[in-house]
Every structure is written in structure tokens, then in C-alpha cells.
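Chemist: What follows is a structure written as C-alpha cells; I'll ask about it next.
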Amino acid sequence: MAKSKFERTKPHVNVGTIGHVDHGKTTLTAAITTILSSKFGGEAKAYDQIDAAPEEKARGITINTAHVEYETANRHYAHVDCPGHADYVKNMITGAAQMDGAILVCSAADGPMPQTREHILLARQVGVPYIIVFLNKCDMVDDAELLELVEMEVRELLDKYEFPGDATPIVHGSAKLALEGDKGELGEQAIMKLAEALDSYIPTPERAVDGAFLMPVEDVFSISGRGTVVTGRVERGIIKVGEEIEIVGISATQKTTCTGVEMFRKLLDQGQAGDNVGILLRGTKREDVQRGQVLCKPGSVKPHTHFTAEIYVLSKEEGGRHTPFFNNYRPQFYFRTTDVTGAVELPKDKEMVMPGDNVSITVKLINPIAMEEGLRFAIREGGRTVGAGVVAKIIE
């Protein structure tokens, strides 16, 4: 069976379901694909197809994730759903499935539970920009006042983690009824309402090519008579011949000019997001550039050494550490293409971190790295991955 061609006619957005175990994330995912596929085409996925999520590896960490896709009137969505709580933690921290927005599923019968809170906090820490709420199992609650109370609790929880509680769309429904073909307002109509909320509340994300130019340095060569060539994959934006660029990270920031872009040994006028290119730099010496730095549009990214991060520490079974670590732990932090040693400061209430935990930490690197909030990294000891993390807030 040949794979059908991906038609890029509608803008593409990445979303996912989050929320407490057994509140109905997977049932909702099945209901969305079932109802939207009948309206806009696409493939319906049954509950057990989604629940049997295949294993994937991201940054050396095994994660179970189910990927489905569906269309609404205006957009094409890629949607991730994870079977277990640990999979969510790993997924959100490694950025294996980058989300432009999340659908928080909360059971109206139970109200917000510990993982509801934890997933909202994670979404805030890893930079998921928008949350829409699906209040599920509303068919099990007869009391309208109780529904109102649960909705209020959810809005307060969103506010607490700096999401706009009052402005957040909350859709009341029952994923189970919808999946069973119920056409009522808690069934199919609720799914259609959710689709409208996705379309209107989550803005179309900026495409990588529209961002400010950035390319991590992978290798540096000296070509006699021509100068220094830096190779790598353009992460975002466009670089044109003749443009000024900065070299950021490790040492003091330097300014230079791009005098040539080549790809597969051919000269180009420009390189753009996704391209593997060699960039020729004017007047830059071979020893001025090294792996771990980035080339970027001047002023767009700054080098930093001190930041807070949300991290996941691999369990022993995943090939991680066998023992806990303590305050002032000094592993290597692998950003983009290189390792930098840093010291870890634990939160006041944490004496140690066990393999398999996720925790907020503060890090001080020995060398500056070009970074922005939301940048992902791996934590390594002697080349072996022992954790994954994401920059939450830059301190300096």
C-alpha cells in the first residue's frame, strides 16, 4: 500500500491531550478522529489502536506515544496521546512531540486531580503556549452547580500556573457518548465545539523558515584561498550571501559576514531552515569558531550560563544512573552539538533526585551557550545520557 501524498493545503498545527489518568484522554482522541474523519476526511482510529502506542526513542529515552492526525474546517492537526503519566513527562521535557497547544482533559465527575495539576505545570515549564479544556464525563454529573464548581476549579488552576484561566475555552462533553455515535450536545456536538475552539484559540504557529536565522555549528574547515567554512543544519530562518551574522556561545560573541552558502558542493544565494549547508565566513579564522557555538542573526540570541530547567532523570532500567544525585551535582549538559559542564542546584525542599524523577533545577554552566527559553538539552556523564531537560527561565 503506497503512502498517500501529504497535501499541504491547510495550515498545520501540533496538539496533544494531557490530564489525569483515566479522565478520558485516549477516548477523546478516538472520538475526535472518528467524528472529524466523517466530516472532513481522514482516518478514524479506535481506542485500542491509540492505546497500544508504539515505543519511540528521543534523545536516548524510550517513550510510548500514539500519533493521530485529523482535519477541521480550517486546519490539519497532528495529535499526540500518551498511555502513561511517565510518558507525558518524558515527551514534554524532551520535546519529542512539540505542542503548539494542548487539550487538557478533566473528568467532571472527579474534578482536577494531582496529574491535572502536574501536566499544567509541565506545560508552563516546557513552554506549551495554549491550553483548551475538555470537561469530560459530563453525562455522569446531573447537578449543574457541580459542573460550574469543577469548571471554576480548573480555571483557578490554570491561573495559578500563569495560563489565562478566564479566557480559556472550556468545552463540556462526553467522549464516550461521542464515540458511541450520540448526536446530542454532550456527544458529537461537543467534539465539533472542541474543533472550533482549536481553530480559533490556537494561533497558526510561525514556520521555522520565518524565524530569525540560527544554525548550530557542527564542523569548521579552512579552505585555502577562500577562508573558513562552517557546516551545520539551519534550525530556523534564512541566510543570504552578504548578510552579517554573529557567532555566539563558548567565547565572546563575534561579528562576521556570510560570503557564500553551499549545499552538496553547489553554490547557493541562500540557505534556509532544514538545509544542511556550508557557510563561508569573511575574515574569520579557523580557530575562532568551534562546535557548540551557533551562527545567528545579530542580536537575536544571547549567550547565557545561569538558568532554571525542568528535567527528567532516566531510570536505571532506561540505562540511566543507579543512584540518586545531590545538590552541586556536576554532569555535562549537551546543547545542540556539544557538552558543557555545569553545577546543579536543587530546590530547597529536595535533598536528592532519584533515577526516574522529574524535577525543577537551577544550573550554572562553566561556559556560556546561546540559549532561549524552551531550548532542549541532554544531561550526560562521560558521553552517556542520564537525563533530559528544557530551559524554563534564563537568569543571566
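All residue numbers here begin at 1 and follow the chain in the order shown.
A Cβ is built for glycine as well, from the same backbone N, Cα and C atoms used for every other residue.
What you see is a predicted model, and the numbers here were worked out from it, not measured in a lab.
Pasting the relevant annotations from Swiss-Prot:
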| type | residues | note |
| --- | --- | --- |
| BINDING | 19-26, 81-85, 136-139 | GTP binding site |
| BINDING | THR26 | Mg(2+) binding site |
| DOMAIN | 10-206 | domain 'tr-type G' |
| REGION | 19-26 | region 'G1' |
| REGION | 60-64 | region 'G2' |
| REGION | 81-84 | region 'G3' |
| REGION | 136-139 | region 'G4' |
Chemist: DSSP helix, strand and coil counts for the region 'G3' (81-84)?
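Modeler: Going through the region 'G3' (81-84) residue by residue, I get 0 helix, 1 strand, 3 coil.
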Chemist: List only the single closest residue to THR26 (Mg(2+) binding site), chosen from the binding-site residues GLY19, CYS82, HIS85, CYS138 by CA-CA distance.
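Modeler: The smallest Cα gap between THR26 (Mg(2+) binding site) and any of the binding-site residues is with CYS82.
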Chemist: Express the predicted model's confidence over the region 'G1' (19-26) as a mean pLDDT, rounded to an integer.
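Modeler: 92, rounded to a whole number.
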Chemist: Taking the Cβ of CYS138 (GTP binding site) as reference, which residues of that chain separated by at least 6 in sequence fall under 8 Å from it?
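Modeler: Once residues fewer than 6 apart are set aside, CYS138 (GTP binding site) is near ALA108, LEU147, HIS172, GLY173, SER174, LEU186, ALA190.
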Chemist: Are there residues at least 6 beyond the ends of the region 'G4' (136-139) whose Cβ is under 8 Å from a Cβ of it, and what are they?
Modeler: 23-24, 27-28, 105-109, 147, 172-177, 186, 190
Chemist: Enumerate same-chain residues with a sequence separation of six or more from CYS82 (GTP binding site) and a Cβ-Cβ distance below 8 A; give 'none' if the list is empty.
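Modeler: Expected: GLY16, ALA53, ILE63, ASN64, THR65, ALA66, TYR88, ASN91.
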